[in-house]
Structure formats: structure tokens, C-alpha cells
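What follows is a single structure, written as C-alpha cells, with notes after it.
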Amino acid sequence: AAVDIQPACLGLYCGRTVLSVNGSVETYGECGVCPRGQRTDDNKICRECMGSPDRYDWLYLGFMAMLPLVLHWFFIEWYSGKKSSSALLQHLTALLECSLAAAVTLLVSDPVGSLHIRSCRVKKLSDWYTMLYNPSPDYITTVHCTHEAVYPLYTIVFIYYAFCLVLMMLLRPLLVKKIACGLGKSDRFKSIYAALYFFPILTVLQAVGGGLLYYAFPYIILVLSLVTLAVYMSASEVESFKDLLVRKKRLVVLFSHWLLHAYGIISISKLDKLEQDLPLLALVPAPALFYLVTAKYTEPSRILSEGGNGH
């Protein structure tokens, strides 16, 4: 049987597109970039992504979806002040915006009209940075084979951020103008202005560090939730369980951090073995309990007084 011998397809992500299929015989094009929604197989042939995101992929997308929501909540709380009673409604509006943006993003992704998405499996870190692996066969001409090998985990985040921004600009100004009577005119829209700063930052973060975030986000969640919990409890002068119960807001913040702890632990373990991984969730309250037990021993005034007595 005659074999069609073609020159080797160089480059880690260059492939040949399938031009036609006649029975079991496929005709291939020249070596180059794969179309959107495809990536190369082991034989350097562009194949359509027909898989579904696994549990870790969904957890990653959940983390990227949570980032703008957490930042919204932070800046709403930061700028609402003690006089304003509108913070809760703004928090709920931010949650509505991000939830709608997530739903619309899934609906417009392939397959359109479904909350399911088809994707390619992430194999290694370089899959996120195909632009760095364009080959130069003669060291003069570069063959551009940049495509989304992790389709759609890279671009779907940008689409989600765009919908978040549009929905925020449509919904939030009307709400804030109606209910934020306790704030001055200049302070009413500061949480919205903050979003206009952090959305470009998040976009650049995803563009440059998407692959690194994919592998590191469980540990980022754990570290940040631990640090922010300690800072909040210290700033709020929480030193005992009684101090927590004085204000409901402190309990809400505590439970929010516990949910983040649990999310980080689930992301690290992936819950592959339930009998081994589920008991790890019992560690969720441990940092807060440790802080409350040791807070009275680390109070600065007590340390200074004991140091003075020692001299």
C-alpha cells in the first residue's frame, strides 16, 4: 500500500488540520496552527476537543469566578462605612451580577445554549503558553502555531469578566443611586470605581499567569484565607468566642473564611478518595480556634508589661 510521506510537523503545538474524510482515509492540510476548539494529538493531527472539564478544572473556574465577587464585597464593605445600611443590598447585587455573568458565559460557550462545555484536557504547564513554542525551522522564519490548547479554560475567564463588567455597569449604578442615601455623593460610587481598576488587573493576571494560577490556586486560597482571617480578627480585636458572638457580621466573616478553607482543601485533595479526603475538612475551623486560644498570650500590651517586669 502506498504511504503518503509528508515532511515532519515541527513545534510542540503545530499540527495538520483534517481537510476531508473518505471512509477511514483522512486528508490533511499543511502543518500550522490548529483552529479554535482543537488541539494536536500524538500524531500532530488537529483534533476537536470533545471532552468535558474534570473536577479540578471546574474548581479552577470557580476560583476565577470568585475573585471579582470577593473583591466586589471587599470594596463595598470598605467604602460603605458605618452610616450606610445599603451594604447588604450591594453585596446581594454583586452576587447576582457574578451569578448571571457565569450563567451567560456557560450558555454562550460551545455547545451554545447548554450549561455544559466541551474542553481539551490540560496535560502540562506549557499548554497555557503555546505562544512561547512557535518553531523556527531555518532560524529565520517562524511558524506561528499559537492556539488555545487548554480550550476553553483560558478564554472563558475573559468572557466571564466582560459580562461581569457589563452587568455591573447596568445594575449597580441604579441601585446605589436609589439606596445609598447614607453616603455622600462622592462616596456612593467608589466601589464601582474600584471595580473599574481591579477588572483590568484581573484580566492581565489571567493573561500572564493563567497557567500558574491553574496549578497554584488551591494553595493561594489557603494562604490568603488564613492571612486575611488573622488580620480581620486582630483588627476587630477578637480575643475570645464571646467577642465573636457580639456582632453577627463577625460570624458571617468567620463562616466565609471557613468556606474558603474548605474550597482550598477540596481543590488540593480533589476528593479522589472520599474516605481519606473528607476527614480533612475537619481541619477547617482549626486556624480560627488556634487564634482564639492563643490571642490572649500574644496581646502586645501584655507582652510589653511582662517585658517591663522582667527588667
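Placement of Cβ uses the backbone N, Cα and C atoms for every residue, glycine included.
Under the heading transmembrane segment, TrEMBL lists 58-76 (among others). For the transmembrane segment (58-76), the list of distant contacts is 87, 90-91, 94-95, 97-98, 102, 153, 156-157, 160-161, 164, 168, 190-191, 194-195, 198-199, 202, 206, 213-214, 217-218, 221, 263, 266-267, 270: same-chain residues at least six beyond its ends, Cβ to Cβ under 8 Å.
Annotation source TrEMBL lists transmembrane segment at 151-171 (among others). Sequence-distant neighbours of the transmembrane segment (151-171) (same chain, 6+ residues past either end, Cβ-Cβ under 8 Å): 36-39, 49, 53, 57, 60-61, 64-65, 68, 72, 93-94, 96-98, 100-102, 104-105, 108-110, 117, 119-120, 122, 128, 192, 195, 199, 202-203, 206-207, 210, 214.
Per TrEMBL, transmembrane segment is recorded for 192-213 (among others).
Residues 63, 213, 244, 250, 253-254, 257, 260-261, 263-265, 267-268, 287-288, 291-292, 295 of the same chain, all 6+ positions outside the transmembrane segment (219-238), place their C-beta atoms under 8 angstroms from a C-beta of that stretch. What TrEMBL lists as transmembrane segment is 219-238 (among others).
Positions annotated as transmembrane segment by TrEMBL: 250-266 (among others).
Per TrEMBL, the feature transmembrane segment maps to 278-295 (among others).
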